[in-house]
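Annotated in TrEMBL:
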TRANSMEM  6-27  transmembrane segment
TRANSMEM  65-88  transmembrane segment
TRANSMEM  100-120  transmembrane segment
TRANSMEM  126-147  transmembrane segment
TRANSMEM  159-181  transmembrane segment
TRANSMEM  187-208  transmembrane segment
REGION    215-244  region 'Disordered'
COMPBIAS  218-244  compositional bias 'Basic and acidic residues'
Amino acid sequence: MESLSLIIGALGNIISVLLFLSPVGVFRRILKHRSTEEFESLPYICTLLNSSLWTYYGIIKTGEFLVATINGFGVVVEIVFLTLFLVFAPPRIRAKTAMLIGILDVGFLAAAMLVCQLLLQGDMKIDVIGILGAGLNVVMYGSPLAAMKTVVRTRSVEYMPFFLSLFVFLNGGVWTCYAVQKKDWFLGVANVAGFFLGAAQIILYAIYWKPKSSKNAASKDSEHGSQHEHLLPSSSHFRENNEA
């Protein structure tokens, strides 16, 4: 049973690495355009806080080194992403993002860790961090709801990366299985939410996804129509010739 948990946990780590790195394409686009466009910072802010708490959870709970290592990796990745977001965001968005980072990723995290270290002991400390981590996992997995709203509003999946949604779905499923094997219900509750919210994002993607060829065809038709209008003489031109 322990070896099975180790195998599932290792698989979960691999998928989690892919999940953490899945926004690379988004940030490559941000670097290319030197703008954050309509991309949201909230998913990365929530993921940084969530990864920090789960790293702490994995450190203080015996036998959860897999949880600590993968989330430590996530902390480093999210810091890099948020730094790039702050550099290229417009001033108003930059200020809002910086404020949220200060409140959630610095203030709330520091307060939670200090309370646990100074006032709580043993299993109580683990339970409190587990409850916080589970709740924040739901927030993290649900944070792309802002992007889902944009998808519905624009009827386009341009600002909801597919691989992020896919790896949220897979990550939630695998870590739920790991939690069942380890009888870690905090980890289980957190990732069941991710599994279902990831599934919802994939369904939304399937509804609004359009092949690039159809987009290009539409733009070409529009361009062709515009050129056709310029080539045809106007009705007033015909009237002028007839009167002459």
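Each Cβ is built from the backbone N, Cα and C atoms, and glycine gets one as well.
What TrEMBL says about a protein is an automatic prediction, not a curated fact.
Within the chain, the transmembrane segment (6-27) has long-range Cβ neighbours (under 8 A, six or more residues past its boundaries) at 39, 44, 47, 51, 66-67, 69-70, 73-74, 77-78, 81, 84-85, 161, 163-164, 166-168, 170-171, 174-175, 177-178, 181.
Cβ atoms under 8 Å from those of the transmembrane segment (159-181) belong to residues 1, 4-5, 8-9, 11-12, 15-16, 18-19, 22-23, 25-26, 37-40, 43, 141, 144, 147-148, 150-151, 187-188, 190-199, 201-202, 204-205, 209 of the same chain, restricted to positions at least 6 beyond its ends.
Tertiary proximity for the transmembrane segment (187-208) is limited to same-chain residues at least six positions away from its ends with a CB under 8 Å from its CB atoms, namely 67, 130, 133-134, 137-138, 140-142, 144-145, 148, 151-152, 155-157, 160, 162, 165-173, 175-176, 178-180.
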